[in-house]
Amino acid sequence: MDKLLSLNNFVSVENLENEDVEKLIKRAEYFKNGGEAPHLNKEVYVANLFFENSTRTHTSFEMAERKLGLTVIPFDPGHSSVNKGETLYDTLLTLGALGVDLSVIRHSENNYYEKLINLNPDQHLNMGIINGGDGSGQHPSQCMLDIMTIHEQFGTFKGLKVVIVGDLKNSRVARSNMQLLTRLGAKVYFSGPEYWYSSEFDKYGEYAPLDELIEDMDVVMLLRVQHERHDGDKNEKLFSETEYHKLYGLDEKRYNKLKKDAIIMHPGPVNRGVEWADELVEAPKSRYVTQMKNGVFMRMAMIEAVMRGRKLGGLE
């Protein structure tokens, strides 16, 4: 049996080796195909701290945790001492002192995790951190389930043409995927409103209008328009939902131009009739539901890797 991946924390895809990615895909596929969860000889406690709204990621992580046999400790940010001014570090210090071994965290602050894993000798926080999404920075679990879904379809990444479409500058999904896909050999393109494109993307791919790209793409990755991150953005008012769909959305005309084996992806939640025509969300080329299903198994693989890295539950 191949040696399984061990990590101390899982906060970004940037520090994963290609071999690590392969191990995670293989392990997630093992779980998806009915493989048994590892036996734990000691109880492992996990808390999910979601400071931003979430359905898919939160529920998917909890499902993964329960399938692995972990004990989930409820945590509601709205009724926690965070509302009294307690810092994230002190919240985790408290949970750790009470016996929590792992925390999955979704937070609005970019790179929030750096102050939790880069500790000085006087700090006593000892807890595995899994990033459930940080601001517009990274979304490693979404990226990994996307990578798994693409691998299931094509068996490789080399030479694939992938276009990421939409609210690029506000998207942690775009950042994680562009970093990993290019490293794995895919050719990445960007599309959508030009004022949501940033020069930081230049080293990962090129921008072009969607209608110039659509026929040649293997993967079309649609992004949600993130209205909650547009506070003060005058450009958002330049178009209505109908106009956005006409200019940048996946409608029937664009769908019919796709290659025979092309797939469409979306991290969710979908704004139906905006990024994606309502009647096409579950069309044959759509992998939206598959992504959500794969998310549970990939998150099982990610959690298990951190458990092994920290020797939790007797795993090594």
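A Cβ is built for glycine as well, from the same backbone N, Cα and C atoms used for every other residue.
When other Cβ atoms within 10 Å of the Cβ of Pro269 (carbamoyl phosphate binding site) are tallied across all protein chains shown, the result is 11. The carbamoyl phosphate binding site annotation in Swiss-Prot covers Arg56, Thr57, Arg106, His139, Gln142, Gly268, Pro269.
A 10 Å cutoff on Cβ-Cβ distances gives Arg224 (L-aspartate binding site) a total of 19 other Cβ atoms nearby, all chains included. If you look up Swiss-Prot, you'll see Lys84, Arg172, Arg224 marked as L-aspartate binding site, on the strength of sequence analysis.
Here the Cβ of His139 (carbamoyl phosphate binding site) has 27 other Cβ atoms within 10 Å, regardless of which shown protein chain they belong to. Same-chain residues that are not part of Arg56, Thr57, Arg106, His139, Gln142, Gly268, Pro269 yet have a Cβ within 8 Å of the Cβ center of the carbamoyl phosphate site turn out to be Ser54, Thr55, Ser60, Gly132, Gly133, Val173, Pro267.
Counting Cβ atoms from all protein chains shown, Gln142 (carbamoyl phosphate binding site) has 25 others lying within 10 Å of its own Cβ. Listed in sequence order, the binding-site residues near Gly268 (carbamoyl phosphate binding site) (C-alpha within 10 Å of its C-alpha) are Arg224, out of Lys84, Arg172, Arg224.
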